[in-house]
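Undergrad: Got a structure for you, written out below as structure tokens; questions coming shortly.
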């Protein structure tokens, strides 16, 4: 796409951006077309940001990205081979900046670069080559110069010349270069060109970018059509050039482009569309990610570009890529074209072939790519729309000329591509949209357009994520219109790559969408449509149903939660460690492995903030499920699986449902009880991401799990959009995630170097992979740690429960519980202190009881409260401000009256719609509360315990407590179930206090028994807060502890509007609530009265209260007799009782109704007689029924008389009745006791018989079988049953005890049951059921059931006997008791012999007993659970000693037990033997010990590991001791196998040395392993640590053992190089200087006549010498001058002079 964009950019006509650099330094200055610049400045963050981005665009990214062809090689292998394939210069650059594999893109290698560098232009000595812009941009990215890219060169260039390389620039305002191809720089032709273009100076027309070496001469630069022209030696930006090496194994690709392919995340076997594929980088990357499995359809409008995509795929060996020539905007197949295509396919019998396959061969043969009519909607699982763009993000770009109009046209074309892309992607499929532009109009604005246009397209999170969030808000376009960008939430889901950011990439943009819908349904629909069309275009309709998917491979995953840390998500808390099972019938189940102590919310409210003050009060928690929920069956909409994707989707949905429904479960129909949103799963290598986006409570994020076990078949779970195949973690890099907070997960994997150490804090080891490399001495290749579950913490070795008073979230330290809460050990949350307790310090383990006369109602109290005259005070630290209460001081119950405003709601219609379980009874019954000006008032009565009764008053529709419609009694025709009793309309509140703000408030309690309100799982709650002045706010809302109702309540206007919260404003009319008082303070409104303790109580029924601002006048006035008042809070005149006569009623004073009958003194009318016994009562002045226990004899008396003994009566009975059989009455006047006791008279004490005194006889006279001898009525006395009998029913006589039971003494209430002979007892005497005795030692008796009434006694049929333990096997036909004994009398069970012993039996017959145990023999054992009378042998590798013969323990590490030792009968057989010295055994259960490996030993016996030989010691034979290194050798490491001989030039003469000594100067060692150094011979020397002595040079000498050679002194010489001493200079010669290696000849005029002369002696006068000459000859004497000659008195002459005769001049 980048190349296409570049071409499009170059074709734009108007100049909008130009670069004007200095030719000798890289310093571009960029300017933009004004409209474009203003637009981009506004969108990208202002002028400073624009300058920063512009500067970055003119430079190349410093890093080069290679995408590795992972189908042919690996990144690691390519890194190894790459340096050898590069030029020496590029290889050196690679060596200086080592490449690496990208941490988030495993198929990418990054080659770091450097720059910009300053380069000396003068080094080219005036020689220069100017390149075209594209060639110059390529050089800045690491390329060399090729001939076609050159524009101008200097004259006289030759191969090998160093030249300056510059890039030519289009001149400002034009699209022309300053040079034509072939220009010679510095020539007249160049000057004319510049003059023709306006006289532009050369330094304004080109940009210096480096130095290179010519590979062509000047003429060849423009003759060659291809080939290397210049090899770059130095660059302003140094990046390796590697474009043409190792073909088919990698390609250059921008990092951002590769990220786009990874974000698409195509799965093997999928069908993918690349809409704008050329040049093919992303296409081939997608095919690689799919492992060349499936189909990648690549489109391009150009035949040539489509061909280039195909050729690139072929070079990479990718057969899954199919390239077509097509305009992607026309890729959606029209219906008629689709029908024609299907018919052609039917004729050719190639229904499975992709579109265009029939033309592909012919087209390829013709040199063109196949064409296709298009594709059906929903044809592709994945679509990549890497749209042609303005390329404003490519780097380096030295020229840009786009206008605003062209930017908008490009964006419009992209929208046409997106329209086609949306149609072509299937429901459930993914669409990725990307550009290489920084223009928000092409990026964020197009995303906004797509989201607004297509409601089924959802913007989703991306992985990997390297870029920044997108742009938000709006941008004003130059024409004044507004361009909408993204919301912050949407911007967080896209990736924008800023070229000036630290990541240093090109400018790029990526957005990923998912098309909502079921992929299985869509694919089936497409397939069905094809088949029906082929069959003649028939239509089908089928009823929707589901079918079980039942063909899976059984397997499981073990998942450990690793991120985010500290998560409070209910799924994460309940499934911190979880096993996911898939059955063979495709049922999915989740088994929690670490849920103990974890709690999740158990109370839901319409507004959680109103439940209590702060986040703690009134909250409720429930414990996580400890076991697996019922398995979830994978289902599909298809009767048979015809596409693998159908099963994959079904299993995916089942896994999602298992996670979403685990915490709160599913109902009996498989519906969520309370769904926790889980909308997708992503499998990475070693990682499962559970996506939680869209949850209304917990928001958008993922739960990251590490996969530590996996036996699942990949074909059952692999999904189209998974990043990589599911597997167990194979390396720590598998946990690497780029985004916070998931990037912390990688720290939970410890690699080899540290894997044997502890896990990070608050995590514990969950998976350890052994190290298979034996050479690195590491035990573990890597270790995976899981986060400690909520309620625990740890130091990396394990997780321990938090202490009581503490809690922790997942993977975090334990923290103290806040005030008002407590916790038990291992808690994940802190529990609010229960009602009646408080906690005023952090870290409370148990809440404190409230002090005397103080209270806490709302759970979570930090202090208890006391209310004085209705005003609360907080008792801080258990001390109340009002002090200790006085004894017997009455608690006040102040009351407050309040007016109310119309009940509204925080909703769209402002109407309170709470109903059903959340109905407000007072609102239902009190009709005025719904009116604009309600007559209703609320009376708040505050008790001394700070509870508040809230009563509706003053509204006649609700304030009548005698309303017959609310009394459901027989004959009440007015009863109406929809009209609430008055008590139900009352509400209850409680004062609570916030310690942080010192604020009081009123709240409700949930689920408590108040009056006749039955606790339910759903209720209304109230919250009262103080407003300004005398006003309060009342809010009423729903709450529930039923998880199923949590998503349904409360009733709202129309879902999904927020839950209903009903509101009303209260104004205090009298009293004091929350500091709100009326003016004046003591005023009491009508309907209340003043009380010194209660302030303004509500006027009760039967009274009237006019109220008054003056407390003295606010009186309570009782209704007068014959008047009444049924209303609370009444202030008017009481009503008169109506009617006169016997059938009417009157009232007494203070009556709430007229209910007093008229007076009748005789009370003897037939009506009374027919009804029973009546008599006149003076106190009530009414005819009243005779009291219970009396009756009236109308014929003899006007009074009621007591009933006689043996009888009873109820109130108003006409006669007294005889006591029923089994009941008695010894007194007169007994009232019917049935309503109290359930009996008419008195029942005898249990075990006694009721008898009539007139026929009294001993109770034994009634003895008989069960059910015999029923008793007679009218009894007056009781008598007890004798011993050995019992009374089964109070209406019967006494009965004999049955078999195996007894009873002693006379019967009493406590002793009226024949009890079973207790276990451990027997009858004292046979046949006597009155006494028992203990079983003897060694014998037991018991019952076969824990309930003796339901079991049989053992021994059976022998109540006078017990049984020996050893005899139980025959008695019960079981071996359960073979290992038991009974050591004491009266035992109810035989107890097991202790481990290591067996039973010992004594006696026979009745004395046969088992009352002791004996020890197992040597080498034998019996554990405490083995049911056997004998011991078993332990065998090799095990021992019985440590367990005292109670168990076979595996030999401890460092010990062994072979068969010989195990077979002994001595005590040796009891314990394992210690491993001998120099052997070891690291594991338990050894039969032998292992010899210590070479290089190790032990210092004693019984070792579990061997220690390495110390420095200076070695060991080359396993199982032996380490030996000291010999003289002449050394060992400088531990664990050495052998010693190392001292190198040449070194020595030592002691054992056990860790190094060797260097030979001293003058000595040497020329062999390995020397114990001493040799002395250098005379004439030689050494400088120290020498392996040989060096010969002295001629002119030098050295004695034996010399550290250096000395020069011969003047007068001596050394002719050879191995001289021990110097020779004296011989006669006839001289040695004038040091280090003479040969004698010197005497100069002319000198001689030497003795040895050792430094210099020759001058000849005396009149003598001479000719010297020794060049080939020295000895001159030992001078020659006398010949006669007639002399030296004229001079010495040192080389010849004599002729003596001239002296001529005397005569004058």
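Every residue gets a Cβ built from N, Cα and C, even glycine.
Because the structure is a prediction, the values reported are computed rather than measured.
According to TrEMBL, the protein carries these features:
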DOMAIN    183-516  domain 'SAM-dependent MTase RsmB/NOP-type'
BINDING   276, 277, 278, 279, 280, 281, 282, 300, 327, 386  S-adenosyl-L-methionine binding site
REGION    335-371  region 'Disordered'
COMPBIAS  338-367  compositional bias 'Low complexity'
ACT_SITE  436  active site, nucleophile
REGION    956-975  region 'Disordered'
Undergrad: Give the maximum pairwise CA distance in Å, whole number, for the residues 276, 277, 278, 279, 280, 281, 282, 300, 327, 386 listed as binding S-adenosyl-L-methionine.
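TA: Value for the max Cα separation, rounded to a whole number: 19 Å.
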Undergrad: Averaged over the whole of the domain 'SAM-dependent MTase RsmB/NOP-type' (183-516), what is the pLDDT?
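TA: Per the prediction, mean pLDDT sits at 84 for the domain 'SAM-dependent MTase RsmB/NOP-type' (183-516).
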Undergrad: Between residue 282 (S-adenosyl-L-methionine binding site) and the residue listed as 'active site, nucleophile', what C-alpha distance do you get in Å?
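TA: So the Cα of the residue listed as 'active site, nucleophile' lies 13 Å away from that of residue 282 (S-adenosyl-L-methionine binding site).
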Undergrad: Please report the number of other Cβ atoms within 10 Å of the Cβ of residue 327 (S-adenosyl-L-methionine binding site).
TA: 15
Undergrad: Provide, as an integer number of angstrom, the distance between the C-alpha atoms of residue 278 (S-adenosyl-L-methionine binding site) and residue 436 (active site, nucleophile).
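TA: Just about 14 Å between their Cα atoms.
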Undergrad: Report, in whole Å, the straight Cα-to-Cα distance of the residue listed as 'active site, nucleophile' from residue 327 (S-adenosyl-L-methionine binding site).
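TA: The separation of the Cα atoms works out to 20 Å.
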Undergrad: Around the Cβ of residue 276 (S-adenosyl-L-methionine binding site), how many other Cβ atoms lie within 10 Å? Please give the count over every shown protein chain.
TA: 25
Undergrad: What are the sequence-distant neighbours of residue 280 (S-adenosyl-L-methionine binding site), meaning same chain, six or more residues apart, C-beta distance under 8 angstroms?
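TA: 298, 308, 309, 312, 313, 321 - these are the non-local Cβ neighbours of residue 280 (S-adenosyl-L-methionine binding site), listed in sequence order.
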Undergrad: Rounded to the nearest angstrom, how far is the Cα of residue 276 (S-adenosyl-L-methionine binding site) from the Cα of residue 436 (active site, nucleophile)?
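TA: Given the Cα positions, residue 436 (active site, nucleophile) is 13 Å from residue 276 (S-adenosyl-L-methionine binding site).
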Undergrad: By a simple count of other Cβ atoms within 10 Å, which of 278, 436, the recorded positions in the record, is least packed?
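TA: Each of the recorded positions 278, 436 was scored; lowest Cβ tally within 10 Å is 278.
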Undergrad: Suppose we draw a 10 Å sphere around the Cβ of residue 282 (S-adenosyl-L-methionine binding site). How many other Cβ atoms does it contain, all chains included?
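TA: For residue 282 (S-adenosyl-L-methionine binding site), the count of other Cβ atoms within 10 Å is 25.
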